[in-house]
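Structure, as structure tokens:
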Amino acid sequence: MAGSALKRLMAEYKQLTLNPPEGIVAGPVNEDNFFEWEALITGPEDTCFEGGVFPARLTFPSDYPLSPPKMKFSCDIFHPNIYADGRVCISILHAPGDDPMGYESSAERWSPVQSVEKILLSVVSMLAEPNDESAANVDAAKTWREDREKFNDIAHSTVRKSIGL
Amino acid sequence: MRSGLIGIGSLALSIGVVANAYLQKKQFYPSVVYLTKSSPSMAVLYIQAFVFVIMMWEIACKLFFGTLRAAEMEHLIERSWYALTETCLAFTVFRDDFSPRFVAMFTLLLFLKCFHWLAEDRVDYMERSPLISGLFHVRVILLLTVLGCADGYLINHAYHLTLNKGATVQLVFGFEYAILLTAIVHIFVKYILHGIDIQSENPWENKAVYLLYSELVLGFIKVVLYILFLVIMIKVHTFPLFAIRPMYLAIRTFKKALNDVILSRRAINNMNTLYPDATPEELAAGDVCIICREDMVASSKKLPCGHIFHTSCLRSWFQRQQTCPTCRLDILRPPTPSRPTPQPQPAAAADAPQPPPFFPGWQPPQQPAVSTTSPPPTMPSPPPSGAAPGAATPAFMMPPFMMPFSVPLPSPPVGFSGLSDDELRRMEGDERQAVEARIQVLRNVHTLLDAAIVQLNQYSSVAGPPTVSSSAPSSVATATVTSTQTPISSPASQAPAQSAGPASPEEGATASEPTSPDSPSSSENSEMSEIRRRRLEKFKTETEKPETTKS
């Protein structure tokens, strides 16, 4: 079980380095420990997050891939599906059985078929299209729904902050 | 740097204090007495002792662990807070024995506990890191040996003290070290398992199983130890409040281990019996196992949906969930309908309360003979006209009336306790299958009710002159019960004992309610027989109706 978690993470790391998907960089923080990853996600084009580079931390459980990893942005990001502390709330990161928002069907949940790459791609699409029905950050969801301009302004400022301007 | 300064400062202070005492008293013994009598010098010496403990800690850490990782440090701090609070709680229990020696013992205990936690974290780290150096192995083995010896020695010490001096605080220490010893054994087992796993090229399939079982066994020992401790402590001292949290945790871990073992066994069983091994052609065609992303080699299984996985990967996944990882097909559901059904069946049959053989002619329905899934058997034919109330038949005519009962009744609507989670889930949704399952159960209920009504009709007609006094029945079930009950019970004059008798399984709930209004108090026989007749006629129409709807 354990050795297989390590092997799988190494395989995924190799895969991500050989064929990196566009706009995503990810790898272990420290090659001694493959269970802590750092990822850099660029904001998808033609959205209010365009041009930003957002760092995130992925923490894998020792029974990965049977249980999902946890993902947390290490920068400030104002988004309906990201908790104020940076934790990402998307259904594929939830193990079947725990449902913080109480409506996800088990078909959208974590399964060993998912991978780091798929998670990161889902996060990119989540940045592009927030799901305001299951808001992790209610303020952000409200702003997104009612005052899109203000939301875009905040997003632009996080983008500028993320690239150090 | 700062800690070094503090250490040097404390050392200088204590040297100063001791030198001062010696200069004043000139001799060894009087200066010791002087030191122990003077509070400031004792305070300085205590601080010195504390600094020594911390220095020892640093040295031992360097020796056994090198630098601590951030996660280890975090665990350590988190756990030490709990340990500290519990130690303070323990102090309150043993406040009579409170002495520097006692504090020292507790410090040692805390010290050793910390090392046990760190050792556990270290060994767990083995399965996370790709490179494990020789130094790591040397350190872990050395640490485990030292800790094991220390635990053993201290248990022995506590045991002898308790034998010689009776129950004291040593009881707590002995017990704590016993728990720590089980922890060491557990860590050691884990270490060996991880070690074997690292040595082998391919992931070792059975490691998870061995880990599970070792956890189960050691968890059980721990729980037993805690319970023993609790009992002894309550006997000799008071309730050991400080042991409650670890005890709860131990019980929870044990419960989880037990659960895991059960699930794992079930998964293994399913693996071995349900799914075919993948053929070599299929292995060649499929590229990698989606769970571990390794090439398909030997020992793979094919699920009903056609997806192929390594046996070991699939097994660990099935411990969590019984779905195909790729397409989420519920593997216990449609393709293998034969498997889940036989399981709940005997349970349901056992669950259903068998009516007591109260009536001479009563035969318990042969439930196992009929399956829940088969279409409801045709309704037992409505009672022959001879059973009509007008022509109440004497008791010796019974055998012919028992005829309909030889028709096997459908098994009772399995109580929900008898249904497996899976079956419940199947009934829950609103897809076609679920609706059908629900209707099936309702039909079974219906058939049973019908059969019961027919039966009761016959009992009542057999049991002699009607003596009922009640208003019109509110529901079919209550009515049947009341009407049969009263005629039987009044002649025998033991109504309470019999009230539950004639109720067939699903009527158990309703059987109790009609007794109060219908107690056979009145003697207006003619009126009652009239009511009864009407009621029985109603039943006849009731029993005939469902048949038409069903067919």
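Using the three backbone atoms N, Cα and C, a Cβ is placed for every residue, glycine included.
Only residues 6 or more beyond the boundaries of the transmembrane segment (B:43-65), in the same chain, are considered here, and those with a CB under 8 A from a CB of the stretch are 3, 6-7, 10-11, 13-14, 17, 35, 72, 100, 104, 107, 111, 114-115, 118-119, 122, 139, 142-143, 146. The feature transmembrane segment is assigned by TrEMBL to B:43-65 (among others).
According to TrEMBL, the feature transmembrane segment maps to B:102-119 (among others).
As annotated by TrEMBL, transmembrane segment applies to B:131-155 (among others).
Among the features that TrEMBL reports, transmembrane segment is placed at B:167-189 (among others). When Cβ-Cβ distances below 8 Å are used as the criterion, the transmembrane segment (B:167-189) is approached by residues 90, 94, 97, 102, 105, 109, 112-113, 116, 119-120, 123, 144, 147-148, 151-152, 154-155, 157-159, 161, 210, 214-215, 218, 221-222, 225-226, 228-229, 232-233, 236-237, 240, 246 of the same chain, each at least six residues removed from its ends.
Long-range Cβ contacts of the transmembrane segment (B:209-232) within its own chain (Cβ-Cβ under 8 Å, at least 6 residues beyond either end) map to 167, 171, 175, 178-179, 182, 185-186, 189-190, 193, 240, 243, 246-247, 250-251, 253-254, 257-258, 260-261, 264, 268. What TrEMBL lists as transmembrane segment is B:209-232 (among others).
What TrEMBL records for B:289-328 is domain 'RING-type'. With DSSP states grouped into helix (H, G, I), strand (E, B) and coil, the domain 'RING-type' (B:289-328) comes out at 10 helix, 8 strand, 22 coil.
Marked as region 'Disordered' by TrEMBL: B:334-391 (among others).
Annotated compositional bias 'Pro residues' per TrEMBL: B:334-345 (among others), in sequence order.
Taken from TrEMBL, the feature compositional bias 'Pro residues' covers B:353-367 (among others).
For B:374-386 (among others), the entry in TrEMBL reads compositional bias 'Pro residues'.
According to TrEMBL, the region 'Disordered' annotation covers B:463-551 (among others).
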